[in-house]
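Visitor: Let me give you the structure first, and then I'll get to my questions.
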Amino acid sequence: MTLRCLEPSGNGAEGTQSQWGTSGSAEEPSPEAARLAKALRELSHTGWYWGSMTVNEAKEKLKEAPEGTFLIRDSSHSDYLLTISVKTSAGPTNLRIEYQDGKFRLDSIICVKSKLKQFDSVVHLIDYYVQMCKDKRTGPEAPRNGTVHLYLTKPLYTSAPPLQHLCRLTINKCTGTIWGLPLPTRLKDYLEEYKFQV
């Protein structure tokens, strides 16, 4: 199931306006709606979710950024919730994020879709591709045969992230075993809320 863009609401991150939502009972959300709400709540904590933004606004934000800089915004296409806008060697470009059957993946042509990795959250999807780009990239490459390489390296934040969040990112980059650290339980709970490196 691909969710469609609904009416605007003011529930975006850091004062941004979001346009996505889910249908269903207001009393008891379905497991699907609860899963989606959790994933979108997680996204709102990143600092690089911009909410409602046009293609041209995204291009303007990324125009002077280095290659690999990206942001997440609400999709302007009614069949998708979100879009990655990223600066490539050919300039800013956009890639839709598909949500289907409780999973997120990059939009692609049909013959490739089944091979693309799927994730429970948008942040996990982005974290995976950022780590993959770190592992594979050694430096800028010139595009061959008209192809443009897509690298996700650095998020473009809506504003300076809180120091707490930056510390959490650093800890996540250094260890995968939060519960083994000599820290108070409350702090470990905070670290567990966001287990990603980006």
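Glycine residues also receive a Cβ, built from the backbone N, Cα and C atoms like all the rest.
Take a look at what Swiss-Prot says about it:
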COMPBIAS  14-25  compositional bias 'Polar residues'
CROSSLNK  K173  ubiquitin cross-link
DOMAIN    48-156  domain 'SH2'
DOMAIN    151-197  domain 'SOCS box'
MOD_RES   S30  phosphoserine
MOD_RES   S52  phosphoserine
REGION    1-75  region 'Interaction with AREL1'
REGION    1-31  region 'Disordered'
Visitor: Minimum Cβ neighbour count within 10 Å among the modified residues S30, S52: which residue?
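Guide: With the modified residues S30, S52, fewest surrounding Cβ atoms within 10 Å: S30.
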Visitor: Would you list the DSSP helix, strand and coil counts for the residues of the domain 'SH2' (48-156)?
Guide: 27 helix, 31 strand, 51 coil
Visitor: Around K173 (ubiquitin cross-link), how many other C-beta atoms are within 10 angstroms of its C-beta?
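Guide: Taking all protein chains shown, K173 (ubiquitin cross-link) has 11 Cβ neighbours within 10 Å.
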Visitor: Compute the C-alpha separation of S52 (phosphoserine) from S30 (phosphoserine), stating it in Å without decimals.
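Guide: About 25 Å separate the Cα atoms of these two residues.
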Visitor: Could you state the whole-number distance in Å separating the C-alpha atoms of K173 (ubiquitin cross-link) and S30 (phosphoserine)?
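Guide: The Cα atom of K173 (ubiquitin cross-link) is 34 Å away from the Cα atom of S30 (phosphoserine).
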